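Got a structure here, written out as structure tokens. Questions coming.
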Amino acid sequence: MCIQVIADNVGDNVGDIAGMGSDLFGSYAEASCAALVVASISSFGINHEFTAMLFPLIISSVGLLVCLLTTLFATDFFEIKLVKEIEPALKKQLVISTVLMTVGIAIVSWIALPSTFTIFNFGEQKVVKNWQLFLCVSVGLWAGLIIGFITEYYTSNAYSPMQDVADSCRTGAATNVIFGLALGYKSVIIPIFAIAISIFVSFSFAAMYGVAVAALGMLSTIATGLAIDAYGPISDNAGGIAEMAGMSHRIRERTDALDAAGNTTAAIGKGFAIGSAALVSLALFGAFVSRAGVTTVDVQTPKVFIGLIVGAMLPYWFSAMTMKSVGSAALKMVEEVRRQFNTIPGLMEGTAKPDYATCVTISTDASIKEMIPPGALVMLTPLIVGIFFGVETLSGVLAGSLVSGVQVINVWYPLSAACNTININS
């Protein structure tokens, strides 16, 4: 049991804390870079308007201040006394931060941006007004909130989708898998429409620069989102430590209740990751075609069409590699646990201590070494395709992987969170 708890704690820290943090931070950095690249070849860069060109970084700075201010609502303004009040309070944090961020973006858009400017738009300069760029940021900000709450709707046991999946467990694993997959597929619909609307609005107003700042708007409340996302794993770790320390069973029940609330609201953070990944990928794609001088991507060209097919396959290849890596690491852990039970006298009776260090080493080593092949796939594919097949084929690969990846991640994020919620409440 202790080995299982340690492995669970390590997995929570590596996956839910470090993994989600690096995911959202990576999206944030990529969106900032894409926006800065497009701004540098627009009137901001041509006229050396330094403040306006750094508008993406100003959005990030305002977001940090807003999230710091939002924490006061949880610590000073709204006192939480009951466990059932935790989940609504966490959701309220996101709404408050979104409203405050909208006001903050309106202020900095008026102060930092000129009333009229031009943005690079595939070889042309598009005239944009500061209020249009404010709308681009706002549509991304509110689209992220909508996606987060829709994701929470499909993963919380308080709503009918999750209750249907839980009810399907009564008739066996097969119906449970069918209902779970159906839930994952269905959860794609509204987030995709929200992403599509935000892309259409932001691109109409400010071309690819608008898409990039929309992604930044969606991620501007990242600090609050990460705090909410980390709530469940921290509670789970506390429960595991309490169990290992031999504390009262009531404490474990309390931490499980906190963990359940945290896992439900953590789905909101995963929703932000889904939407921001789509917008950031499109923004990076726009930065690539802008710098590469690609004006059109003709899908009727054989090279481009082949690139689309190969690119659409890449997320599945990547997913297969990571899933196999998880299975290999789990197999090594099971073999090590069995070895210790067979070789350490008194371990089964509880009179001897297990070798914790070896189990922790297996988990940490696997989390690093097993990610080398998937990481190489992501980094080497654009280089190989671009060098040997040209810019047009690479454009097709990037577009195909963008569309396919958004669909895949929309399916599996809600499904995995739903399974976690069922496991805790079963």
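Glycine too: its Cβ is placed from the backbone N, Cα and C atoms.
The feature transmembrane segment is assigned by TrEMBL to 25-46, 53-74, 94-113, 133-154, 188-216, 272-292, 304-323, 377-403.
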Taking the transmembrane segment (188-216) as the reference, which of 25-46, 53-74, 94-113, 133-154, 272-292 gives the largest number of Cβ pairs under 8 angstroms?
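Most contacts with the transmembrane segment (188-216): 133-154.
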How about the transmembrane segment (272-292) with the transmembrane segment (94-113) - do they touch, taking at least 3 C-beta pairs under 8 Å (6 or more apart in sequence) as contact?
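No, these stretches are not in contact.
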Using a Cβ cut-off of under 8 Å, list the residues of the same chain at least 6 residues beyond the transmembrane segment (53-74) that approach it.
28, 31-32, 35-36, 39-40, 44-45, 80, 89, 92-93, 96-97, 100-101, 104-105, 108-109, 112-113, 133, 137, 212-213, 216-217, 219-224, 227
